[in-house]
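Marked as transmembrane segment by Swiss-Prot: 5-25, 63-83, 132-152, 170-190, 253-273, 283-303, 329-349, 356-376, 379-399, 416-436, 484-504, 526-546.
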Amino acid sequence: MAAQGFLLIATFLLVLMVLARPLGSGLAWLINDIPLPGTTGVERVLFSALGVSNHEMNWKQYLCAILGLNMLGLAVLFFMLLGQHYLPLNPQQLPGLSWDLALNTAVSFVTNTNWQSYSGETTLSYFSQMAGLTVQNFLSAASGIAVIFALIRAFTRQSMSTLGNAWVDLLRITLWVLVPVALVIALFFIQQGALQNFLPYQAVNTVEGAQQLLPMGPVASQEAIKMLGTNGGGFFNANSSHPFENPTALTNFVQMLAIFLIPTALCFAFGEVTGDRRQGRMLLWAMSVIFVICVGVVMWAEVQGNPHLLALGADSSINMEGKESRFGVLVSSLFAVVTTAASCGAVIAMHDSFTALGGMVPMWLMQIGEVVFGGVGSGLYGMMLFVLLAVFIAGLMIGRTPEYLGKKIDVREMKLTALAILVTPTLVLMGAALAMMTDAGRSAMLNPGPHGFSEVLYAVSSAANNNGSAFAGLSANSPFWNCLLAFCMFVGRFGVIIPVMAIAGSLVSKKSQPASSGTLPTHGPLFVGLLIGTVLLVGALTFIPALALGPVAEYLS
């Protein structure tokens, strides 16, 4: 089984790198504000029709454009969900959502979290799924990519005040990256057997003679951007373990590739735009090392079997509880790490049924900020915060002013970096504490003891870091949990984007200094180790006490 696991990981990473490399070159064109071949005429017509100019924006204007678009999307989606029963494409006559669930869902999809306190097939109409959630899947992904575009430009430009035009970036990202790739993936899913229709739910007779109601809907089109945009919200409650969403082993492999495709391509693009491809490879090496170790730990933990079943004398050579037999332990373990290393949150197995250590690793990957490949855009700008922190620490050790890519990292940048890094840990720890201190929070726990606390900690970690996956033993559809998690999702998203954009605004105004004999190389194995150590150190110091009360205590009990 060890050989199978190694082959699975190696094949996945090899295919990923092959696909991401050319996409990274295309993204580099867009970052450099160069239209892709054959798109100039279309862009001219669209920009003219929409009133979009090529006038560049400073960081505040760029940020306001991103925030304005997202706030408008939040309001539209909120009222759409409230009035769902008045809108078309609702063959099941599903009612509108309660205000707290509508708020939670709207915030969830606008922030690229896709936390779901509802069951899609019994709660949302086709119109809400398509015009509401799927649209936000595109816009939230484009927003994250636009932010990293601005940050990369800040490193490559000198003595300037502008970072590009947010509207141009958003349109280009959506039209030339997200829509075409998602279309290809959706067509492949349809060919493999995923649903794509507007039929009412179908009553069928089973082999045993019972009657069953099969949900229908435009699944494949939402499934494609759900993965490509690292959104993660399933059309059905079972998410990607449902055969109508993920019908074959091949679609499952493509889904995992789609999750990491753009985050990996952005690393290649970063190297091209900065003029030093080693910088992009350095980031990929750091991410890949952490990723492979985490996959190995989860696979090892899950093939050991369930200790609780073993204690009862049951046969549990491997832990198959909560897993699809058509995928198995190794694929389920790989998918769990992929979906939590990125900000996706889609699942093919119930993370709540993983072993204590097997469930702790996905939780920890979210808690460190989902910087191991991470979400589209958000993963790379999150990792860049750790790069700046690592450069600062190295500068202190050698007694020189820290610099990265020729830009000096001063007090302002470090204050903003520290602020951005501290946002999500503060939300996670305070949110979990609030939930455990209140009756409304504790009443949602279906399990006592360390595992019950793990469910709470996982939920808040998932929301604050915009992942969206869950330990499903938590009954989160209540006003308390819907409001708490909506707050965590909102602040966890925009509370990081704001300081990141401020950092970009500060860096773009600086001149690049030529490298000297005292400059720390940031492209070699030494810096890779320093960066990994910084990520691990911050994650360990912040969350070890909380993890000790949850999964660690469960493992030792």
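Keep in mind that glycine also has a Cβ here, set from the backbone N, Cα and C atoms.
It should be emphasised that the depicted structure is a prediction, and the values quoted were computed from it without experimental measurement.
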**Item:** Residues from the same chain, set at least six apart from the ends of the transmembrane segment (379-399), whose C-beta lies under 8 A from its own
**Value:** 147-148, 151, 230, 263, 266-267, 270, 283, 286-287, 342-343, 369-373, 409, 413-414, 417-418, 420-421, 496, 500, 503, 518, 520, 522, 527, 530-531, 533-535, 538
**Message:** Can you work out whether the transmembrane segment (484-504) touches the transmembrane segment (526-546), with the criterion being 3+ CB pairs under 8 Å where the paired residues are 6 or more apart along the chain?
**Reply:** no
**Request:** Please give the sequence-distant neighbours of the transmembrane segment (5-25): residues at least 6 beyond its ends with Cβ less than 8 Å from one of its Cβ atoms.
**Result:** 177, 181, 253, 256-257, 260-262, 264-269, 271-272, 280, 284, 288, 292, 295-296, 299, 330-331, 333-334
**Message:** Would you say the transmembrane segment (283-303) and the transmembrane segment (356-376) are in contact under the rule of three or more C-beta pairs closer than 8 Å, pairs 6 or more apart in sequence?
**Reply:** yes
**Request:** Using a Cβ-Cβ cut-off of under 8 Å, list the residues of the same chain that are 6+ residues beyond the ends of the transmembrane segment (170-190) and lie near it.
**Result:** 23, 26-27, 30, 35-36, 39, 42-43, 46-47, 50, 52, 65, 69, 138-139, 141-143, 145-146, 149, 196, 219-221, 223-225, 227-229, 247, 251, 254, 258, 261-262
**Request:** State the residues, same chain only, that lie 6 or more residues beyond the ends of the transmembrane segment (329-349) and have a CB under 8 A from a CB inside it; answer 'none' if no residue qualifies.
**Result:** 1, 4-5, 8-9, 12, 112-115, 226-227, 230-234, 239-241, 246, 249, 252, 255-256, 259-260, 263, 290-291, 294-295, 298-299, 302-303, 318-320, 322-323, 358, 361-363, 365-366, 370, 372-375, 378-379, 462, 465-469
**Item:** Beyond the flanks of the transmembrane segment (416-436) by at least 6 residues, Cβ under 8 Å
**Value:** 367, 369, 385-386, 388-389, 392, 442, 444, 453, 456-457, 459-461, 463-465, 481, 484, 488, 491-492, 495-496, 499-500, 502-503, 506, 538, 542-543, 546
**Long-range Cβ neighbours of the transmembrane segment (283-303) (under 8 Å; 6 or more residues past either end)** = 1, 5, 9, 13, 17, 264, 267-268, 270, 318-319, 329-330, 332-334, 336-337, 341, 354-358, 361-362, 365, 371-373, 380, 383, 387, 525, 528, 531-532, 535-536
